[in-house]
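J.: For reference, Swiss-Prot lists these features for the protein:
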- Cys324: active site, thioimidate intermediate (ACT_SITE)
- Arg420: active site, proton acceptor (ACT_SITE)
- Asp267, Gly317, Met318, Gly319: NAD(+) binding site (BINDING)
- Gly319, Gly321, Cys324, Gly492: K(+) binding site (BINDING)
- Ser322, Asp357, Gly358, Gly359, Gly380, Phe381, Tyr404, Arg405, Gly406, Met407, Ala408, Gln432: IMP binding site (BINDING)
- 111-170: domain 'CBS 1' (DOMAIN)
- 174-230: domain 'CBS 2' (DOMAIN)
Amino acid sequence: MSNQTYRDSEYLDGLSGEELFNLQIGLTYRDFLVLPGFIDFHPSEVELETRLTRNIKLKRPFISSPMDTVTESQMAIAQALMGGIGIIHYNNTIEEQVALVEKVKRFENGFITDPVILGPKNVIRDLDAIKERKGFTGIPVTEDGTRNSKLIGIVTNRDIDFEKNREITLDKVMTTNLITGKEGITLQDANEIIKKSKIGKLPIVDSQGKLVSLVSRSDLKKNKEFPDASKDERKRLRCGAAVSTLLESRDRVAALYEAGVDVIIIDSAQGNSNYQIEMIQFIKKEFKNLDIVAGNVVTRAQAENLIRAGADGLRIGMGPGSICITQDTMAVGRAQATAIYQTAKHSAKYDVPVIADGGISNIGDIANSLAIGASTCMMGFMFAGTTEAPGEYFYENGIRLKKYRGMASIEAMKAGGDKRYFNEGQKVKVAQGVSGSVVDRGSILNFIPYLSQGLRLSFQDMGYKSIPEIHKALRDGKLRFERRSESAQAQGSVHGLYSFSAPTMRAE
């Protein structure tokens, strides 16, 4: 038998991308499969590096959505550490959004830069409440109870365990003879001080004795290097922020720029508007080195207008999200896979990457979106149940859940989300989203490696080692697809079992 392997035109099955998406019917991720290619490499050889915009590269094609139940500073930090990026939502004041961005930009791995702090006149009962809510003690005490004031003590369990009167003020019980580290200390040196001194927390102070950050003994085992972290030229974590198209958002952009934001997402359900074009032009004129992702768009004409205005990246999707009802309510939008293919093909002429935004519920959806032209995937549903997402967990029927709501839900619009839908100031609100809950997914620091490994395995099955390779094969017609009938979709999922358990992730 011949050792020859067949990869090219002689034995092509299925359809090219052009043939698949010229069928004059809207397709979603479940409506097609990528046909397998030839494997001559290990999954570890697959590179997931990609571009967010013309100028910003990421080591992982994952972006957390600018939703108030998905991305604040904790999520953005975790995403950047793992090679992606988080986009801070704008259902807040300018000052609040800027503060969230600043937390990301000043983050140093292993240093707690926004520790819980109390003042000298707080009482032991306040510490009890923190322990119950957060699960830890060892709280720094500063002169006025804020981060940028002089450190005067620390309160630990040893100080308060046997104190019956929980109304005693902390200045009466706190430890004042403190071991501290000086601002600029390395994490390695800080850890050595903790080990030698046998203390639980090491406060880091500046030259004036003001609290800068905290290093915790409990984090010693958790701290690890993040070689794929998304960092700017000054080695700070990358972070994005969303703004609306309203005139008042120009002040928001200016403040975010001063805070060091890396990319602005102009957040609009229908991005093809004079409001968005004017916002793009304003940003490009005033902040020339600030990248812009415009959108949302689903057609080539929409993409053309925003690219001509100066967009560095495009966000694709109108109505595919799990909490979005735009297509049902407004009768406007487009099937997500078709939208990605058509806009990505057009945007590639200008070297503008596109983001697949919405409708992603598993690794297969991520792989499909990248295979048809997207460079990155923006996710809300997938990340909403993680530890780093805003909000507290709650239980329902024994299942651990977190709240997740669309930014066009009535609940979110009351908090300011209607700016995205040209609906601000209107007495009658028309919802284009819903509120719900999602199951606990654990930490982003464990979930992203799971998604990454699954994506590498998918790329291996396709026969390609990188996102640029797949995009080239798509353009050349070598990446082949097949439409799926309803019965094919049913057969490709779990079927015929009385019951089953389907764990999807296991860490060795």
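Backbone N, Cα and C atoms are what each Cβ position is placed from, and that goes for glycine too.
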J.: Could you check what DSSP calls Gly319 (NAD(+) binding site) once collapsed to helix, strand or coil?
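T.: SS state of Gly319 (NAD(+) binding site) = coil.
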J.: Between Gly319 (NAD(+) binding site) and Tyr404 (IMP binding site), find the distance joining the two CA atoms and give it rounded to the nearest Å.
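T.: Computed Cα spacing between Gly319 (NAD(+) binding site) and Tyr404 (IMP binding site) is 16 Å.
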J.: Just give me the nearest neighbour of Gly317 (NAD(+) binding site) among the recorded positions Cys324, Gly358, Gly380, Tyr404, Gly492, Cα to Cα.
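T.: The smallest Cα gap between Gly317 (NAD(+) binding site) and any of the recorded positions is with Gly358.
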J.: Starting from the Cα of Gly358 (IMP binding site), work out which of the recorded positions (Asp267, Met318, Cys324, Gly492) are within 10 Å.
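T.: The recorded positions passing the 10 Å Cα test are Met318, Cys324.
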J.: Could you measure the widest C-alpha to C-alpha distance across Asp267, Gly317, Met318, Gly319, the residues recorded as binding NAD(+), and give it to a whole number of angstrom?
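T.: Per the listed residues, the maximum Cα distance equals 14 Å.
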J.: Mean pLDDT for the domain 'CBS 2' (174-230), as a whole number?
T.: 85
J.: At a 10 Å cut-off from the C-beta of the residue listed as 'active site, thioimidate intermediate', count the other C-beta atoms across all protein chains.
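T.: 24, counting other Cβ atoms within 10 Å of the residue listed as 'active site, thioimidate intermediate'.
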J.: Can you tell which of the binding-site residues (Gly317, Gly319, Gly358, Gly380, Gly492) has the fewest other C-beta atoms within 10 angstroms of its C-beta?
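T.: Fewest other Cβ atoms within 10 Å, among the binding-site residues Gly317, Gly319, Gly358, Gly380, Gly492, is found for Gly492.
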J.: For the domain 'CBS 2' (174-230), jot down how many residues DSSP puts in helix, in strand and in coil.
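T.: In the domain 'CBS 2' (174-230), the DSSP-based counts are 14 helix, 15 strand, 28 coil.
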J.: Which one is it: of the binding-site residues Asp267, Met318, Tyr404, Gly492, whose Cα lies the shortest distance from the Cα of Cys324 (active site, thioimidate intermediate)?
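T.: Spatially nearest to Cys324 (active site, thioimidate intermediate) by Cα position is Met318.
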